[in-house]
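Trainee: Would you mind keeping the following structure in view while I ask a few things?
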Amino acid sequence: MYNPFDEAYHGLCEEILEIGNRRDDRTHTGTISKFGHQLRFDLTKGFPLLTTKKVSFKLVATELLWFIKGDTNIQYLLKYNNNIWNEWAFENYVQSDDYHGPDMTDFGHRSQQDPEFNEQYKEEMKKFKERILNDDAFAKKYGNLGNVYGKQWRDWEDKNGNHYDQLKSVIQQIKTNPNSRRHIVSAWNPTEIDSMALPPCHTMFQFYVQEGKLNCQLYQRSADIFLGVPFNIASYALLTHLVAKECGLEVGEFIHTFGDAHIYSNHMDAIHTQLSRDSYLPPQLKINTDKSIFDINYEDLELINYESHPAIKAPIAV
């Protein structure tokens, strides 16, 4: 079946595999990479959740709502069984003086290569998650990821200590001055990079109103094509829907612009498996509430007619 969203994503994967540069990287995993690429998704044609592997809409939506709420603590995510950010918080904990368990140095690589260590790692992670959920003081200290996306979107702080809600301001601008070229939200705050568990990969987005439709363009400096990008596509498509509804507009395009678009060397088999699959028709999104974007919960969102191939597991590079 024809699915323009799968087709665009598959095309990017194939191009990276064909012409990409082999590079070392921060995680020492190794990548094949292309610098500079753009995908365009017409959101009137459906919701761009890939169908050639199962992508969890719940994980996409709860992470985005976490950003929108300005939250930076994984406790909110874990309440929805969303484990996307666990490794970065866990890393901070096991490097602290409060951790007294087995040595977790380089747990990302060791858990993939040593089955015995992997069992220890899973047990320590399980205990960590339980403490985050059940011990608010512990969660406050070790569940916080620093000044990551939610903080920058909702509470940007300048050098004078003034605070600025970028997302709320942009929504107000769209309502009052839709033709402005300043509908921009940035997560890249150079003065706070060192205080973030992970510097923002999706760094800046801009809205553009045209004929009653809201378009959104994202610039992503670093893009994990197999694990991250399917989530990023769906996340910013959902953001476009939510902001459009808030502003009384229809959705238009989501434009995804990449800097370093890369496939990790240990994702090659997974990518080839996905590329061998045929697509299903794209699903539809329904927002079952008139709440403000800042009050919406996951339960207010509904994904209709999502049919996909099974998920494909691959290791995360920390």
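The backbone N, Cα and C atoms fix where each Cβ goes, and this holds for glycine too.
Worth saying up front: this structure is predicted, and the values here are computed from it rather than measured.
The feature dUMP binding site is assigned by Swiss-Prot to R26, R181, R182, R221, S222, A223, D224, N232, H262, I263, Y264, with sequence analysis given as support. Annotation comment: Swiss-Prot describes C201 as active site, nucleophile, evidence class sequence analysis. Taken from Swiss-Prot, the feature (6R)-5,10-methylene-5,6,7,8-tetrahydrofolate binding site applies to D224, A317, supported by sequence analysis.
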Trainee: If you count other C-beta atoms within 10 angstroms, which of the recorded positions C201, A317 is the most crowded?
Mentor: A317
Trainee: Would you count the other CB atoms within 10 A of the CB of R182 (dUMP binding site), including those on all shown protein chains?
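Mentor: Its Cβ has 10 other Cβ atoms within 10 Å.
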Trainee: Have a look around R26 (dUMP binding site) and count the other CB atoms within 10 A of its CB, chains all included.
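Mentor: 8, counting other Cβ atoms within 10 Å of R26 (dUMP binding site).
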Trainee: Taking only the Cα atoms, work out how far Y264 (dUMP binding site) lies from A317 ((6R)-5,10-methylene-5,6,7,8-tetrahydrofolate binding site), in Å, as a whole number.
Mentor: 8
Trainee: What are the non-local neighbours of S222 (dUMP binding site), defined as same-chain residues 6+ apart in sequence with CB under 8 A from its CB?
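Mentor: C201, G259, D260, H262 - these are the non-local Cβ neighbours of S222 (dUMP binding site), listed in sequence order.
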Trainee: Roughly how wide, in whole Å, is the group R26, R181, R182, R221, S222, A223, D224, N232, H262, I263, Y264 that binds dUMP, by largest Cα to Cα distance?
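Mentor: It comes out at 36 Å between the most distant Cα atoms.
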Trainee: If you count other CB atoms within 10 A of each CB, which of D224, H262, Y264 wins among these binding-site residues?
Mentor: H262
Trainee: Cα-Cα separation of A317 ((6R)-5,10-methylene-5,6,7,8-tetrahydrofolate binding site) and R26 (dUMP binding site), in Å?
Mentor: 9
